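Engineer: What follows is a single structure, and I will ask about it in a moment.
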Amino acid sequence: MQVAPSILSADFGHLARDVEAICEGGCDLVHVDVMDGHFVPNLTIGPVVVSAVAKAATKPLDIHLMVENNTFFVDLFAPLKPAFISFHIEEEKHPHRLIQKIRSLGIRPAIVLNPHTPPESIEFLLEDVDMVLLMSVNPGFGGQKFISSVVEKAQRLKSLIEKKNPKCLIEVDGGVSDQNIHLLKEAGVDVVVAGSFVYKHPKGIKTAIDALK
Ligand code: DX5
Ligand code: ZN
């Protein structure tokens, strides 16, 4: 299982330290939640802060856009050379065009589905993306309760992916812990995002990452 800790749960007063800690703790990706206060009722960080994150990180960035104007934000973050940029399908009229744009910038495109969005809705985009991110909470905040219907959704997505694009990864984001990780693994999930479980673990960041792996 690949682990992408969400820096939303980091101490923003010591952001570089907390980014270094997850990289040294063995994470695979650094998950960055970008929220615009419109698509979700919360605001987070822009390119100035994310460039400081990129400087501190020794692992690739996984940028999760929770915004209304995806194209504008892709242009804003592309110079930071993240490994992945993911955008919400619920907010995009021309997903195929946006996927091509992200790829043309040398970044791996990914699509995000909110908890209610069926995997079949992106069946004809699967061959064009490198990853699908399934939300297991309502996007906007860390520390929420895991929505367990994501397990069945991951299974359904996995069988579509096997038909359309077996190399496409499945990522799950929200409420992930050592209590539900085995269900996600069995369902075919490749990457988990975890914010509070990693940053607030009583035995520290490395123990938390090891437990998920
Ligand atoms: C929620 C974000 C998540 C969040 C995960 O909108 O996309 O990445 O930070 O945090 P936990 O693991 O605490 O649910
Ligand atoms: Zn996220």
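Using the three backbone atoms N, Cα and C, a Cβ is placed for every residue, glycine included.
Taken from TrEMBL, the feature substrate binding site covers S6, H64, G140, F141, G142, G143, D173, G174, G175, G195, S196. The divalent metal cation binding site annotation in TrEMBL covers H31, D33, H64, D173. Positions annotated as active site, proton acceptor by TrEMBL: D33. The feature active site, proton donor is assigned by TrEMBL to D173.
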Engineer: I need the nearest neighbour of G142 (substrate binding site) among the binding-site residues H31, D33, H64, using C-alpha distances.
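Structural biologist: For G142 (substrate binding site), the closest Cα among H31, D33, H64 is found at D33.
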Engineer: For S196 (substrate binding site), which DSSP three-state class applies?
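Structural biologist: Helix, per DSSP.
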Engineer: Using a 10 Å cut-off, grab the number of neighbouring Cβ atoms around the Cβ of H64 (divalent metal cation binding site), all chains included.
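Structural biologist: For H64 (divalent metal cation binding site), the count of other Cβ atoms within 10 Å is 27.
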Engineer: Fewest other CB within 10 angstroms, which one of the binding-site residues S6, S196?
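Structural biologist: Each of the binding-site residues S6, S196 was scored by Cβ atoms within 10 Å; lowest is S196.
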Engineer: Per DSSP, H31 (divalent metal cation binding site) is which: helix, strand or coil?
Structural biologist: strand
Engineer: List the same-chain residues at least 6 positions away in sequence whose Cβ sits under 8 Å from the Cβ of H31 (divalent metal cation binding site), in sequence order, or say none.
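Structural biologist: A4, P5, S6, I7, D62, H64, D173, V193, G195 - these are the non-local Cβ neighbours of H31 (divalent metal cation binding site), listed in sequence order.
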Engineer: Hey, what's the Cβ neighbour count for D33 (divalent metal cation binding site) at 10 Å?
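Structural biologist: By my count, 24.
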Engineer: Can you give me the residues near the recorded divalent metal cation site, meaning same chain, not H31, D33, H64, D173 themselves, Cβ no more than 8 Å from the center of the site's Cβ atoms?
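Structural biologist: Those within range, site residues removed, are A4, S6, L8, V32, D62, S86, L133, V193, G195.
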Engineer: Specify the secondary structure state of S6 (substrate binding site) as given by DSSP, simplified to three classes.
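Structural biologist: Its secondary structure by DSSP: strand.
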Engineer: Using DSSP with the three-state reduction, classify G175 (substrate binding site) as helix, strand or coil.
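Structural biologist: DSSP call for G175 (substrate binding site): coil, neither helix nor strand.
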Engineer: List, in sequence order, the same-chain residues at least six positions removed whose CB sits under 8 Å from that of G175 (substrate binding site)?
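Structural biologist: Sequence-distant Cβ neighbours: S136, V137, Q144, K145, F146, I147.
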Engineer: D33, H64, D173, G175, S196: which of these binding-site residues put a Cβ within less than 6 Å of any ligand 2 atom?
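Structural biologist: List returned for ligand 2: D33, H64, D173.
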